[in-house]
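J.: Shown below is the structure under consideration.
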């Protein structure tokens, strides 16, 4: 059992675990709610879990202040669907104005993007990931349960026009559903300056049968890209475990997130906080650690920072997905993926 470091004596300059990994990147979920019904995430739609409220604006401010003092440079605002929060734009502004935070990003299903891209950018958002699992409108509907393909694509155009530093498209690899879409995606990014991210399907507590039916190894896509002349790019400190590829004939780039590949966790650089204030050292840990009790007053910040540093002592070297251990993650919307 690790003893908590003494307040006032712990080195608060950098979040670092026992394996030498430094954590520059916070993924902050602000809601579990989502208006899409993606088959790999919320096939039955969003169902509220209990009465515990989501983090308030003041709690988020204190949380970001503590993380930023401990080396966090990038914050990604996630959900659920983060734009469902009425104060979403205020949260963007809060993150953007937090000292030491260099990059504010979000991941969205894109249904509000066309109308709000410029306002979000003006508030301080600089990077955006849009979930588009298929470029076939019929398959898009089959996967998401929403007939909003054209609306989401207009949102991507609006994001590019608004001046975002980077626009990424997230597509979960699904055998038998979108697994034949690679040529269509490649054709699209030939003249589109976006980063296309193929994400290998991960097993969750409520999705074991779905995983067995639709899991497609990302290594298959990687091998095809290499055969087609795509080159592996040098990793950036904030990239984490993603493998990024570029090709001289394409404006867009491709990223692969392959959690089942050997050494995936070696370059882990992120921590997660759920919408209800639980710290998760890994997407697939057994338990979250409550932080909300230390987000009530600024005077609690030293104790909050000490708790964060203490908990990193419990972070394991790697997840246990290969053993079918998915931890507390019943579905990806619960923590933000």
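Positions of Cβ are set from backbone N, Cα and C atoms, glycine also.
In case it helps, Swiss-Prot gives these features for our protein:
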DOMAIN    18-242  domain 'Radical SAM core'
BINDING   27, 76, 107, 168, 270, 271, 272  GTP binding site
BINDING   34, 38, 41  [4Fe-4S] cluster 1 binding site
BINDING   40, 80, 131, 202  S-adenosyl-L-methionine binding site
BINDING   265, 268, 282  [4Fe-4S] cluster 2 binding site
J.: Going by DSSP, give the three-state secondary structure for residue 34 ([4Fe-4S] cluster 1 binding site).
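T.: SS state of residue 34 ([4Fe-4S] cluster 1 binding site) = coil.
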J.: Mean pLDDT for the domain 'Radical SAM core' (18-242), rounded to an integer?
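T.: Here the predicted model's pLDDT, averaged over the domain 'Radical SAM core' (18-242), is 94.
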J.: Whole-number Å distance between the CA of residue 268 ([4Fe-4S] cluster 2 binding site) and the CA of residue 80 (S-adenosyl-L-methionine binding site)?
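T.: Cα to Cα, residue 268 ([4Fe-4S] cluster 2 binding site) and residue 80 (S-adenosyl-L-methionine binding site) are separated by 22 Å.
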J.: Note down the number of other Cβ atoms within 10 Å of the Cβ of residue 76 (GTP binding site), including every protein chain shown.
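T.: Counting Cβ neighbours of residue 76 (GTP binding site) within 10 Å gives 23.
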J.: How many Å lie between the Cα of residue 27 (GTP binding site) and the Cα of residue 282 ([4Fe-4S] cluster 2 binding site)?
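T.: For residue 27 (GTP binding site) versus residue 282 ([4Fe-4S] cluster 2 binding site), the Cα atoms are 11 Å apart.
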J.: Within the chain of residue 38 ([4Fe-4S] cluster 1 binding site), which residues six or more apart in sequence place their C-beta under 8 angstroms from its C-beta?
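T.: Spatial neighbours, sequence-distant, of residue 38 ([4Fe-4S] cluster 1 binding site): 131, 133, 143, 144, 145.
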J.: Sequence order is fine: just name those binding-site residues in 34, 40, 41, 80, 107 with a Cα within 10 angstroms of residue 282 ([4Fe-4S] cluster 2 binding site).
T.: none
J.: Within 10 Å of residue 107 (GTP binding site), Cα to Cα, which of the binding-site residues 34, 40, 41, 80, 265 are there?
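T.: Hits: 80.
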J.: Going by Cα-Cα distance, pick out whichever of the binding-site residues 168, 202, 271 is nearest to residue 41 ([4Fe-4S] cluster 1 binding site).
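T.: For residue 41 ([4Fe-4S] cluster 1 binding site), the closest Cα among 168, 202, 271 is found at 202.
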J.: At the Cα level, what's the spacing in Å between residue 270 (GTP binding site) and residue 202 (S-adenosyl-L-methionine binding site), rounded?
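T.: Cα of residue 270 (GTP binding site) to Cα of residue 202 (S-adenosyl-L-methionine binding site) measures 17 Å after rounding.
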J.: If you count Cβ atoms within 10 Å of each one, which of the binding-site residues 41, 80, 107, 272 comes out on top?
T.: 80
J.: Tell me, how many other CB atoms lie within 10 A of the CB of residue 271 (GTP binding site), whichever protein chain they belong to?
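T.: The answer is 24 other Cβ atoms.
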